[in-house]
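Trainee: According to TrEMBL, the protein carries these features:
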| type | residues | note |
| --- | --- | --- |
| DOMAIN | 14-76 | domain '4Fe-4S Wbl-type' |
| BINDING | Cys15, Cys43, Cys46, Cys52 | [4Fe-4S] cluster binding site |
Amino acid sequence: MRSVAAMDWRHHAVCRDEDPELFFPIGTSGPALLQVEQAKAVCRRCSVTDQCLQWALESGQDAGVWGGMSEEERRAVKRRGGLRVLRAHSA
């Protein structure tokens, strides 16, 4: 289990002041796609997106927008090798 200190990034997350439902759209078309884009726009303003994405991948978050990625985008990252692949691209 992660320590409380390791989760401190959440205190700096821009989304903490947003309605959590924004990040968990229902459906995969129409309004849900717009909602995903709105959630990602919040993520783009955030300084802890990398930590958020890492946490989502490590903890198996299957639903919602985390770290600026949709459910499908995170599934694709996992198929390609997960965090190892992300770290290689950011290095």
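Glycine residues also receive a Cβ, built from the backbone N, Cα and C atoms like all the rest.
What TrEMBL says about a protein is an automatic prediction, not a curated fact.
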Trainee: Could you put numbers on the helix, strand and coil content of the domain '4Fe-4S Wbl-type' (14-76), residue by residue per DSSP?
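Mentor: Helix, strand and coil residues of the domain '4Fe-4S Wbl-type' (14-76) number 39 helix, 2 strand, 22 coil.
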Trainee: For the recorded [4Fe-4S] cluster site, whose residues are Cys15, Cys43, Cys46, Cys52, find every other residue on that chain with a C-beta no more than 8 angstroms from the centre of their C-beta atoms, and list them by sequence position.
Mentor: Ala13, Val14, Val42, Arg45, Val48, Thr49, Trp66, Gly67, Gly68
Trainee: Determine the Cβ neighbour count for Cys46 ([4Fe-4S] cluster binding site): the number of other Cβ atoms within 10 Å of its Cβ.
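Mentor: Taking all protein chains shown, Cys46 ([4Fe-4S] cluster binding site) has 18 Cβ neighbours within 10 Å.
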Trainee: Within 10 Å of its Cβ, which one of these binding-site residues (Cys15, Cys43, Cys52) has the largest number of other Cβ atoms?
Mentor: Cys52
